[in-house]
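J.: Dumping what TrEMBL says about this protein:
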DOMAIN    37-118  domain 'G-protein coupled receptors family 1 profile'
TRANSMEM  22-47  transmembrane segment
TRANSMEM  54-74  transmembrane segment
TRANSMEM  94-116  transmembrane segment
Amino acid sequence: MVDAPIVFEIEGFDILPGSGPFFFLLALLVYMLVLLGNGVVACVIVLDKKLHRPMFVMICHLVVCDLMGATAVLPHLMMDFLMGQKKIVYPAAISQAFCIHFYGVAVQTILGAMAYDR
């Protein structure tokens, strides 16, 4: 006997028919800006030897956390906009929830360490 996979349907996530590609492009633009902005900050910190101090290392860790948070949410959201799907299978939902919660804890920990360092 084979069990059917558990699938969650996202409620309250209504977009007008035909506006999915617009929201996909908007989310893609946001994702590209997140990647570009965080990549520039990380490259500046890595390349400039004067910035190899604890505060800038923590800022670099915030950059990595921001990339993880955006990557946990935006690609699946873009796929939902483009395909018009409102469903997610259980393992994908659990891994996405884990990444988002880990992102939140990591950011709060880094910000706490930065506050204590000041």
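Placement of Cβ uses the backbone N, Cα and C atoms for every residue, glycine included.
Describe the structural context of each listed feature in the structure shown, including burial, neighbouring residues and relevant distances.
T.: For the domain 'G-protein coupled receptors family 1 profile' (37-118), the number of residues in each DSSP class (helix H, G, I; strand E, B; coil) is 72 helix, 3 strand, 7 coil.
Here the transmembrane segment (22-47) has long-range neighbours at 15, 56-57, 59-60, 63-64, 66-67, 70, 74-75, 77-78, 81-82, meaning same-chain residues at least 6 beyond its ends whose C-beta is under 8 angstroms from one of its own.
Within its own chain, the transmembrane segment (54-74) has Cβ neighbours under 8 Å at 27, 30-31, 34-35, 38, 41-42, 45-46, 96, 99-100, 102-104, 106-107, 110-111, 113-114, 117, counting only residues six or more beyond its boundaries.
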J.: Would you report the average pLDDT that the model assigns to the domain 'G-protein coupled receptors family 1 profile' (37-118)?
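T.: Looking only at the domain 'G-protein coupled receptors family 1 profile' (37-118), pLDDT averages out to 90.
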